[in-house]
Amino acid sequence: MLQWLAQLHDTFPAFNVFRYITFRTGGAIVTAVLFVFLFGPGIISTLRLKQGKGQPIRADGPQSHLLTKKGTPTMGGLMIFSGLIVATLLWANLSNLYVWVVLFVTTGFGLIGFYDDYLKVTRQSHAGFSGKARLAIEALIAGIAVVLMINAGRAGLSSSVAFPFFKDLLLDLGWFFVVFGAFVIVAAGNAVNLTDGLDGLAIVPVMIAAASFGMISYLSGNVVFADYLQIHYVAGVGELAVICGAIIGAGLGFLWFNAPPAQIFMGDTGSLALGGLLGSIAVATKHEIVLAVIGGLFVLEAVSVIVQVISFRLTGKRVFRMAPIHHHFEQLGWTESQVVIRFWIIAVVLALLGLATLKLR
């Protein structure tokens, strides 16, 4: 919205800064973090009052969780989502289709997560929204988003998969790209959801991934930088850097309250929304495969669950002491803070590897 002030630069020369994505990204970070700082305590108090017993804690999980996490309210994703939306509406170019597509996915996945959290809290059970129904709705939302991005993009590129390390290698999937793109978005949403099991564990890697994709969006949406780095230029995606900035700001504000011992949990409301958002930005910028590197921690968490389930069904034995894998390390004797900080370090390393693919071609 504030981007339109740049049109008044002849009268107010200082307003020219609103043209620049970098300036507006910084504004989005500051706006989102201040919003969450200001309204976070009130949201937490309201959720604690409404939820009573808070998020149900897994009885088969680490016993320390039953003591330290019991009674903590969930749906903290509402704080992140609110800060993200306010900052994006203020600082992004609202005539940009990609902005609205990403917000559509974020809102849709957030609503699914909210309903799932609501069922878990009211029933005081981990049996929330039906898994099949949830995946079906997520796939529908993601599919619509991918179709919109294909129609908005450049023919021959928007329906293609780009490969890191190869500057000219494109695999055009045609309309099958809708299935591929929807899978990326849904997988990202649920992978982040599985990662959100310890205080601060998910939000920091999400911010790291957002910072990485903020740079990727800016570079991919700038014809000069895209040509220099020999990555695929996608007109308009640079504006998604503003949304990435809003994620970082809202995430920093949320982490203030989610740092151990957490005053609030993100819940599916936040984790599904943020994962879907990252997935949709990856699809928009043509960096779907790079997402698997930058978000490798989320992939690891998701794969650990898949391996555990398949192994138990086929052999009756578990590969890990507990899945997702962060609980496995807790069972091995790592403290919660050790797991969280070490996983943060992994997220940083993977993000650097992912960003390196922009230059190594």
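Just so it is clear, glycine is given a Cβ too, placed from its N, Cα and C backbone atoms.
Under the heading transmembrane segment, Swiss-Prot lists 27-47, 72-92, 94-114, 133-153, 169-189, 200-220, 237-257, 264-284, 289-309, 338-358, citing sequence analysis as support.
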Checklist entry - Taking pairs 6 or more apart in sequence, does the count of Cβ pairs under 8 Å between the transmembrane segment (289-309) and the transmembrane segment (169-189) hit 3 or more? => result yes
Checklist entry - Taking residues 6+ outside the transmembrane segment (169-189), which of them lie with a CB under 8 Å of any CB in it? => result 105, 109, 135, 138-139, 142-143, 145-147, 149-150, 156-163, 232, 271-273, 275-276, 278-280, 282-283, 288, 291, 295, 298, 302
Checklist outcome for this item: Per the Cβ filter (under 8 Å) with a sequence gap of at least 6 from its ends, the transmembrane segment (237-257) is approached by 21-22, 24-37, 40-41, 44, 76, 79-84, 87-88, 91-93, 96, 98-99, 102-103, 200, 203-204, 206-207, 210-211, 213-215, 217-218, 220-222, 263-264, 266, 270, 274, 277, 281, 284-285
Next on the checklist: Can the transmembrane segment (72-92) be said to touch the transmembrane segment (27-47) if we require at least 3 CB pairs below 8 Å and skip pairs under 6 apart in sequence?
Outcome noted: yes
Item to check | Selected stretch (most C-beta pairs under 8 A with the transmembrane segment (27-47)) from 94-114, 133-153, 200-220, 264-284 | outcome: 264-284
Checklist entry - Per the 3+ Cβ pairs under 8 Å rule, pairs at least 6 apart in sequence, do the transmembrane segment (94-114) and the transmembrane segment (200-220) touch? => result no
